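Database features, via TrEMBL:
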type	residues	note
TRANSMEM	B:12-35	transmembrane segment
DOMAIN	B:64-244	domain 'ABC transmembrane type-1'
TRANSMEM	B:75-93	transmembrane segment
TRANSMEM	B:105-124	transmembrane segment
TRANSMEM	B:130-151	transmembrane segment
TRANSMEM	B:190-214	transmembrane segment
TRANSMEM	B:226-244	transmembrane segment
Amino acid sequence: MSAKTLRIAGVTRTFPGQRASAPTLALQPTDLSVAPGEFVAILGPSGCGKSTLLRIVAGLDQPTGGQVLLDGAPVTAPGPDRGMVFQSYTLFPWLTVEGNIRYGLRERGLPEAQQAEVAARFIARTGLRGFENHWPRQLSGGMQQRTALARALANDPEILLLDEPFGALDHQTRELMQELLLEIWEADRKTVLFVTHDIDEAIFLANRVLVMSARPGRVKAEVPVPLAYPRDWTMKTTPEFGALKARLMGEIREEVRKAIAAAG
Amino acid sequence: MEPLKPVSPGARIALGAGFFAVFIAAWGLATYGGWVPPLFLASPGRTLLAGWSLLTEFGFLGDIAVTIWRVVGGFLIAAVLAVPLGLLMGAFKPIEAFFEPFLSFARYLPASAFIPLLILWAGVGEAQKLSVIVIGSVFQLVIMVAGVAGATRPDLVEAARTLGSGRLAILRRVVIPAAAPQIAETLRLVLGWAWTYVIVAELIGATSGIGHMIMDSQRLLDTGQMIFGIAVIGIIGLVTDLLFKAANRRLFPWAVL
């Protein structure tokens, strides 16, 4: 069970300019508090800085100003307390499915038997039974992301950071993966920070959706999702879901238009 | 024939053997047909006879063994020096910045030009032969290994960091396994170059080896022996190449080589 509170305090990020061009402000001062067990979706148009924010929480990128605090302790580097699943396929190609899932456990120096036991549990939970000894290149995109999710979960992180993990998958696989993630979260109630540009995905999974503005990004709206868990796919056709979707679409459309105008 | 369309394994072998046949036929035509005088080029049959007498009367197998041991020895010394340094350079950019400019200079130094100096320093023994091979391959190898290690996917390094890996764990558990198949390919390539250097080393100041035999045969104007010696190097090269490829496929089943 996760118990740590995540606090993002005035985090900004400016990317230095290339040669003569001016520096780019990617993230305006952002504040956010995530209580243990929350599932927060960060929704925004592409290039709005939502991935940058997640990478800063992971410790893979450093903020230009402000800080990220985990139970009051500042985060400066990546660590196993914040598990991450990336949009790109990042399984280690030289390890089997099971080897990938055991990666973090081995790093922690867990005894072999315990590693095998934990790996087997997450292989079962993510529906990977029978694929334990496959190489990543033998897996479909969906199976690779299942393994990546199992790899992050096996490490028992305080917070799960998901950066558009299903973004590269086809629509049907994507929906199945959402249900799988929901099922796992409903059982474990681990804190999740989920970056996406898919409105349905954000509503279906999260109990709170943050809408980010076009670059330079800031949190422009915070929309609670008062739909009861456990949820299933039939929820997507309810009027409540539709009303939330309409509201978020309104917020997002405006930002997408701004983003396109800025790019043009 | 369609562009980029693969051929079947059987056709590949047949075509590959076909060119050997064409090559030997052209050689036979040039020599048996009297186009080239035997003084300059021995016929295929004479070459085989010369080879037979080399092997049975002149202890050529001993020469072959000596040359193989030199190649393998020099190559292993170069690999032991180059692979760790190359990995460190690829993974840690300050180390690369420190060594890279010098290595880029050093790799253009022709190994053969060192032979007179090396004879002065190390005499005409085995140390000198091995040194030529090491000088010829070590600098290239370091730079190539550094390039391979430096090309490790940054997203895999990031994934490892979020799973709790520190600096050395990333080198040991990500950079090295990720680079291993390409490093093995690089070693295969450099082993081929080592064969060139060993023969150059043996042409000067040697009393044994394939290169020495070729030099001796030149004094006797025995083109059959010379060609046989050269062909033996080619055959050994081909066989080691195939063995290396098979070993790489076995060692790295996860990679698509």
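Positions of Cβ are set from backbone N, Cα and C atoms, glycine also.
Note: TrEMBL annotation is automatic and uncurated.
Residues 99-100, 130, 133-134, 137-139, 141-152, 170-171, 175-176, 179, 183, 187, 190-191, 194 of the same chain lie 6+ residues outside the transmembrane segment (B:75-93) yet bring a C-beta within less than 8 angstroms of a C-beta in it. Outside the transmembrane segment (B:226-244) by six or more residues, the chain places 41-42, 47-48, 50-51, 54, 64, 68, 184, 187-188, 191-192, 195, 199, 210, 213-214, 217-218 with a CB less than 8 A from a CB of the stretch. For the transmembrane segment (B:190-214), the residues of the chain that approach it from at least six positions outside its boundaries are 54, 58, 60, 62-64, 66-67, 70-71, 74-75, 78-79, 111-112, 115, 119, 124, 128-129, 132-133, 136-137, 140-141, 144, 225-226, 229-230, 232-233, 236-237, 240-241, 244, judged by C-beta separation under 8 angstroms.
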